[in-house]
Each structure stands twice: as C-alpha cells, then as structure tokens.
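Enquirer: Below is the structure I would like to discuss, written out as structure tokens.
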Amino acid sequence: MCGIAGYVGYGDTLSILLQLLIELQHRGQEASGIAVVTKDGRLYVVSGKGLVSEIFSYSHIDIPRENVFGGIGHVRYATSGGYMDAVTQPIAIGDRIKIAIAFNGTIANYKLLANEYRLKVSSDTEFFANAIYIETMENKGDVVEALKVLAEKIIGGYSIVVLTNEPRIIFAKDPRGFRPLSYVYNGDELYIASETSALETVVGGVWREVEPGEIIVFDGTSIERTAARKIYDPTPCVFEYVYFSRIDSVFNGVSIYTSRIRMGIELAKMDNIEADVVIPVPDSGRAAAIGYSKASGIPIEEGIYANKYLGRGFITPPHIRDYVSRLKYGFIKSVVDGKKVVLVDDSIVRGTTMRSIVLRLREAGASEVHVRIASPPFRYPCFMGIDVASRQELLAWSSMTLEDIRKSIGADSILYNTVDALTRAVGLCSLCTACFTGRYPFNGYTASDLENMFSR
Ligand code: SF4
C-alpha cells in the first residue's frame with residue numbers, strides 16, 4: 001500500500017503536491033517523494049526516507065516553482081525490496097524521453113518479466129519504471145501503448161502516475177482495479193490522488209474514480225481517456241474497506257465509513273456475548289465498533305489511547321513492530337477496570353498488536369476480553385499491494401484453528417466476520433477477498449504459485 005498524487009495546472013505544483021501527499025500519509029510513512037517537470041521539459045525529483053514533513057521541511061528544496069507544467073508524488077509503504085534498502089519513488093529514467101513514475105501496488109511476476117526484458121532489478125518498482133521506458137521507446141515514445149502492453153503481462157495490482165518531459169501526465173489502474181485512484185479535472189487543472197478524501201480536502205469539487213484498466217492522459221490542454229486492451233471483472237481490494245483507506249474516502253462509489261459501520265453490524269448479528277462495554281482499537285477499529293455497539297446495544301467507550309506519532313501498526317517496518325505495538329497504546333483504567341470488554345478491531349494480520357492489547361487490557365483490570373474482528377481470518381498472502389508475501393507471517397495461516405488463534409492472543413473468546421458478511425457490508429458483488437479465501441483473481445493461480453513466482 002502506498003499513496004500517489006499528481007497535479008497539472010497554473011497553481012503552485014510543489015505546494016499542491018505536498019498538500020495531497022500529507023492527506024495520503026496514512027498510506028505510507030517510510031518514504032516520500034515528488035517529481036516535477038517544467039514546461040520546457042526539465043525533470044526534477046526529490047525523495048527520501050521519512051514523512052512528507054521531514055523530507056520537504058527544508059527552506060531550499062531543489063524543485064522549481066516557476067514555469068512548471070506539473071508533477072507527481074508518492075508516499076511509500078514497502079511491499080517488496082525490503083525496508084532499509086528500498087527504492088524511493090518517484091523513480092526517474094530515460095534520456096531523450098524522460099519519465100518519472102509513482103505507483104501503488106505489487107507486480108507479483110516482476111522477476112520473471114525482468115528476465116524477459118533482460119533487466120537486473122531489485123524491486124518491482126525498478127522493474128516497472130524500466131519496463132515502461134523500454135516499451136515506450138519500442139512504441140515510438142508512446143507511454144500509453146507501453147502501459148497497454150504491460151497491462152497484458154503483469155500479474156499483480158497497481159495504480160500508477162507517469163510524468164514525461166514532453167510534458168504530459170498519464171495515470172492508470174490495472175485491468176482489475178485493485179487499488180483506488182481518483183481525480184478532479186476542472187478544464188484547466190488536473191488533481192490526482194489515491195483517495196477521494198485527499199481531493200476533497202485539498203481541492204473540493206467533483207472527483208471521479210479511474211475505472212479498472214482505464215488510462216488517462218493530460219497534456220495541459222485536453223484530457224484523453226483510453227483503456228487497456230483486456231479488462232476483467234473488477235476485483236477491488238476488500239482490505240481498502242477494512243483498513244487501508246481513510247474513513248472519509250469513497251472507493252468504487254462505496255463510503256469506507258459506511259462499509260465499516262456495516263461490518264460491525266454484521267459481526268454483532270452473529271454474536272450473543274454478554275458484556276459491559278465495547279472498546280474499539282483506535283483508529284481503524286472504531287467505525288466497526290460503532291456498528292457493533294449500535295446493533296448489540298452494548299455501550300461503546302474509548303478505552304485505548306493510540307499515540308499517533310508512531311504511525312499505523314500494520315505498515316510499521318518489521319524490525320520495530322514489537323516495541324511499537326507496546327509503546328503505541330495507553331489504556332484508560334477507569335473505563336476497563338472490572339469490566340467484560342468486547343474489543344473490536346478491523347483485522348488481525350500478524351497478531352503482534354492484538355496480543356499486546358489483550359494483555360494490557362487485563363493488566364488495566366478488564367475481567368474478560370472478547371475479541372471481535374470486522375474481517376475474516378487473514379490466512380493467505382497478498383501479491384497485489386500489501387506487505388504479506390508469505391504465509392508464515394500470518395497469525396491465522398491456513399491450518400490454524402480459531403481456538404489456536406484465541407489462545408495465541410490470550411482472549412476469552414474470538415469471533416470474526418465471514419466472507420459473505422464482509423461482502424454484504426461493502427455492498428459490491430465483485431471484490432478481491434484472496435487473503436481470506438486463497439482464491440486469487442488470476443486464472444487459477446494458487447497462493448503457492450504466486451509465492452514461488454514472487455520469490456523466484
Ligand atoms: S489479497 Fe487481500 S489485501 Fe491483497 S488485494 Fe486481495 S483483498 Fe486486498
């Protein structure tokens with residue numbers, strides 16, 4: 001999961017991109033970057049490891065403010081290529097034609113494709129940039145054609161923005177539409193962002209979502225829409241609704257907040273526990289906890305404080321996850337002491353955070369802790385944009401029973417939503433739910449096939 005942004009217009013490109021990226025910071029906190037191109041085709045890139053406010057806090061940033069055509073930006077959460085040595089984005093490449101790309105997703109078969117293109121690369125980001133460049137040169141400088149060729153070869157999920165020194169901006173989604181991407185075009189200016197909430201906050205106006213497989217080009221005067229040669233039934237990532245996206249965003253026309261409320265309602269409909277208080281795991285469990293409380297009649301209270309300066313737990317790099325999960329939360333004894341607690345969270349992926357929270361609720365005096373999870377057990381890895389590429393990382397890997405999971409996190413009971421309930425809560429008939437079911441939307445590829453492909 002990463003955040004991408006773009007802007008073309010008469011405004012201050014650097015300032016607008018910074019605003020969009022700050023609004024997307026929840027999608028990645030490891031690295032941030034911006035590329036801009038001037039009207040006469042000079043391309044500038046500034047990126048580094050850290051938050052947007054850290055990388056762009058200096059008074060002098062080597063990015064022009066005058067004569068600018070537009071730019072793109074990226075906030076990074078590593079999905080491949082490791083954490084410490086990961087490539088920051090945007091990544092720029094080329095000589096006569098220069099391009100910069102920023103993308104959100106994972107290319108599961110990038111090692112196989114890198115062999116086909118005779119490329120030596122260390123990540124899917126490097127592969128994608130190089131492959132787009134090669135295909136652009138093979139197709140008479142046409143980035144759109146390059147994206148069409150690659151859309152047919154790639155197994156994975158992506159949303160992408162490309163900036164060229166022609167100058168043009170091109171943005172697209174993979175043909176199954178796994179990741180969000182939206183834009184506002186008002187005739188003079190174009191704003192692009194991974195999530196609608198960033199657009200609403202920074203620019204307002206009427207946004208549109210990019211369709212699966214859609215490729216849109218803006219040269220500063222007119223916008224052109226085209227599409228990948230083959231479009232599949234859309235399979236947007238259900239985890240965007242469960243966790244990734246902000247609650248004030250809309251994805252495929254569905255409000256993230258409303259879907260999370262409905263996840264809590266669905267969960268409560270299956271439950272019959274008697275308890276004193278519903279406590280959300282902040283912040284991502286809150287909306288589901290509200291839904292659960294409404295449907296169950298058990299009052300909801302804040303019992304846990306989350307230190308926002310430590311970022312989002314799931315996207316914390318692995319080498320610091322253990323101590324971050326301990327430092328991140330504070331517990332309100334007056335709310336939980338002597339109470340039977342229903343603890344609601346969006347998901348359990350690795351289990352590190354949940355184990356620590358259950359233990360510390362008991363230390364704060366909770367007499368019982370009943371864990372309720374808005375999504376089903378996360379049993380299979382993802383190869384379409386999140387950092388779980390091996391089953392061994394998952395608490396609920398495919399052979400683990402619910403009782404094993406309950407014991408592992410130390411809860412009195414555990415209940416998950418079912419895949420059907422989750423699908424009902426989102427309200428779309430076609431979704432990717434592969435991390436819960438093991439059914440990947442790629443012509444019968446299994447988790448093992450994709451694991452082998454990814455690690456080959
Ligand atoms: S496997 Fe899960 S996290 Fe990955 S795209 Fe599908 S639903 Fe999203």
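From the backbone N, Cα and C atoms, a Cβ is placed for every residue, glycine too.
Caution: TrEMBL annotation is automatic and unverified by curators.
Found this in TrEMBL, in case it helps:
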| type | residues | note |
| --- | --- | --- |
| ACT_SITE | CYS2 | active site, nucleophile |
| DOMAIN | 2-221 | domain 'Glutamine amidotransferase type-2' |
| BINDING | CYS237, CYS382, CYS432, CYS435 | [4Fe-4S] cluster binding site |
| BINDING | SER284, ASP345, ASP346 | Mg(2+) binding site |
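Thinking about packing and proximity, how do these listed features fit into the structure?
Expert: Of all the Cβ atoms in the protein chains shown, 26 others lie within 10 Å of the Cβ of CYS2 (active site, nucleophile).
Annotation note: CYS435 ([4Fe-4S] cluster binding site) sits in a helical segment as assigned by DSSP.
For ASP346 (Mg(2+) binding site), the count of additional Cβ atoms within 10 Å of its Cβ stands at 26 [all protein chains shown].
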Enquirer: Cβ under 6 Å from ligand 1: which of the binding-site residues CYS237, ASP345, CYS382 qualify?
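Expert: Within range of ligand 1: CYS237, CYS382.
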Enquirer: What other residues of this chain sit with their CB within 8 A of the center of the CB atoms of SER284, ASP345, ASP346, the recorded Mg(2+) site?
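Expert: Along the chain, the qualifying residues are VAL242, TYR243, PRO280, VAL281, GLY285, ALA288, VAL344, SER347, ILE373, ALA374.
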Enquirer: Report the residues of the chain - excluding CYS237, CYS382, CYS432, CYS435 - with C-beta within 8 Å of the mean position of the site's C-beta atoms, for the recorded [4Fe-4S] cluster site, in sequence order.
Expert: GLY157, PHE178, VAL238, PHE239, MET384, GLY385, ILE386, THR433, ALA434
Enquirer: May I ask which of the recorded positions CYS2, CYS382, CYS435 is closest to ASP345 (Mg(2+) binding site) if we compare their C-alpha atoms?
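Expert: Considering only the listed recorded positions, the nearest one is CYS435.
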Enquirer: Taking the Cβ of CYS435 ([4Fe-4S] cluster binding site) as the centre, how many other Cβ atoms fall within a 10 Å radius?
Expert: 28
Enquirer: Measuring Cα to Cα, how far is SER284 (Mg(2+) binding site) from CYS435 ([4Fe-4S] cluster binding site) in Å?
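Expert: If we compare the Cα positions of SER284 (Mg(2+) binding site) and CYS435 ([4Fe-4S] cluster binding site), the gap is 18 Å.
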